[in-house]
Amino acid sequence: MDLALLRTFLAVHRAGSFTRAAALLGLSQPAVTGQIRSLERQLGRPLFLRQARGVTPTTVGEELAHKVAPHLDALLEITESGLDEDSAKRTLHLTGPPEFTSLRALPALAPLVEHGLTLRIAFGPAEESLDGLAAGHHDIAISTHRPRGELLTATPLCDEEHVLVAAPRWAARLGGPAVVRAKGARSLERVPVISVHESMPLLTRYWSTVFDTPPTASGAVIAPDLRAVLQCVTAGAGMAVLPRYLCTDALDAGE
């Protein structure tokens, strides 16, 4: 049996889609479809069922994937690892949200540059980063969303704590944290909201979790970078929900 056919089969099985598998393998979708059909003819059994979005493996397909995956992965690791020392020196293509990548990931990777690691960084939202990773454009993606399907492997990196922040003058107007805790979301209705998107994802999640109600205000300032949101908050423009790692220094300084 042709190993290339099995490699294509495994890519489709993990991607859950002929289109995504084709992008990962650097092949056209018709080529991937043709290889799967050729393998099905050799086996005499269908391997995938077409769905509205992508494909799902048949029981025969699941059994085949279980049998061949460890062996194909081992062969691929051998062929890609190389035998010379220079193969260990490579470029890491990393993608993720600009704020976390800039303030946490890159400082952690910086010591490795001295030892020969080279880095190429791309910024993007979660879905875009995961799609790029699945297509082979990146080696690692940092994302707040878990990838769907079996094509990508996810490892938890950290828990991100979100905090509601505003400049001291807003806290004074509201009567302090104790008043906010006592009155809840009602005490914040007149405070302008600053967010990265019109949907206010962090604030909406915070309101639902802490106050058990959706926010009623719309964004007064929308800036597509959490660092810009932080600067607006410290300047006194209003309130925002931000990751604690981003605003720790400002909180410690009483800003």
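Using the three backbone atoms N, Cα and C, a Cβ is placed for every residue, glycine included.
TrEMBL entries are annotated by machine, without manual review.
Since the structure is predicted, the reported quantities are computational estimates derived from the model, not experimental observations.
Per TrEMBL, the features are as follows:
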type	residues	note
DOMAIN	1-58	domain 'HTH lysR-type'
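Broken down by DSSP into helix, strand and coil, the domain 'HTH lysR-type' (1-58) contains 36 helix, 6 strand, 16 coil.
Across the domain 'HTH lysR-type' (1-58), mean pLDDT in this model comes to 89.
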